[in-house]
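**Student:** The structure is given below, and queries will be raised subsequently.
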Amino acid sequence: MAELQAFIFDLDGVITDTAEYHFLAWKQLGEELGIKIDREFNERLKGVSRLESLNRILALNNRETNFSLEEKEFLATKKNEHYKELIQQVTPNDLLPGIHSLLANIKSNHYKIGLASASKNAPAVIEKLQIGNFFDTIVDAATVKRSKPDPEVFLKAAEQMNVTAEACIGIEDAEAGIESIKAAGMFAVAVGTNEALRKKADMTVERTNQLKLNELIKSFQMYNDRLAKLK
Ligand code: BG6
Ligand code: MG
């Protein structure tokens, strides 16, 4: 039976809430292009790569084929420059509730901790939050070829920590992220209230302060006991 060895966290929406900064940066670019986006639409950009997010925004005005890849990269870079300015304000106070004590608790119980983020800005955000010392590995979009829902980012984090996928718990707030964890063959924990997310995950909590180490371990063990009986 699989023995728990590591936790792999998503960044945006699980460790800190950078979604608002992504939203503000896309909104500004949208205004320059004459495309309006609101917070509701922004939900559809969570966990989605930078270029795919731009495509979804352009698709709002049926303009995704109006730009060459080079032009799209220019626009995405422009958004990113603004995003980078916005995340300068991030401090350790921006850790979501309960996350610091959860990371400390995991560490003192000798489990490994990895980060699997779709954001190329992940290392900068981790530095701003001053939590780099908790992580055994950080895998971000800059070091993988395929975006979530592909399992690559979670599998790479497990590989770099020298643990098997079955020995990991992945924690995510986006549907694409939960799909990525499940495709990697890991136990998936969702944070959020979205019904679709709940259906795809093995365990769900509504808020980060409900992520408790003993509950996560218990749930992981029950899941594996059920799997063992099925075999
Ligand atoms: C994800 C966010 O973590 O990273 C997305 O949820 C974002 O909203 C994606 O588009 C890519 O981030 P970045 O920083 O590389 O543009
Ligand atoms: Mg996320």
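Glycine too: its Cβ is placed from the backbone N, Cα and C atoms.
The active site, proton donor/acceptor annotation in TrEMBL covers Asp10, Asp12. Taken from TrEMBL, the feature substrate binding site covers 10-12, Trp26, 45-50, Ser53, Lys79, 117-121, Lys148. According to TrEMBL, the Mg(2+) binding site annotation covers Asp10, Asp12, Glu172, Asp173.
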**Student:** How many Å separate the Cα atoms of Asp10 (active site, proton donor/acceptor) and Arg50 (substrate binding site)?
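**Tutor:** Rounded to the nearest whole number, the Cα-Cα distance is 16 Å.
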**Student:** Express the distance between the Cα positions of Lys120 (substrate binding site) and Asp173 (Mg(2+) binding site) as a whole number of Å.
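**Tutor:** One finds 18 Å between the Cα atoms of these residues.
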**Student:** Of all the binding-site residues given, Arg50, Lys120, which residue's CB has the most CB neighbours within 10 A?
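**Tutor:** It comes out as Arg50.
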**Student:** If you measure Ser117 (substrate binding site) to Asp12 (active site, proton donor/acceptor) at Cα, how many Å is it?
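**Tutor:** Checking the Cα atoms of Ser117 (substrate binding site) and Asp12 (active site, proton donor/acceptor) gives a distance of 8 Å.
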**Student:** Using the recorded Mg(2+) site (Asp10, Asp12, Glu172, Asp173) as reference, state which further residues of the same chain have their Cβ within 8 Å of the centre of those residues' Cβ atoms, listed in sequence order.
**Tutor:** Phe9, Leu11, Gly13, Val14, Lys46, Gly47, Ile171, Ala174, Gly177, Val191
**Student:** Within 10 angstroms of the C-beta of Asp12 (active site, proton donor/acceptor), what count of other C-beta atoms is obtained when all protein chains are considered?
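**Tutor:** There are 22 of them.
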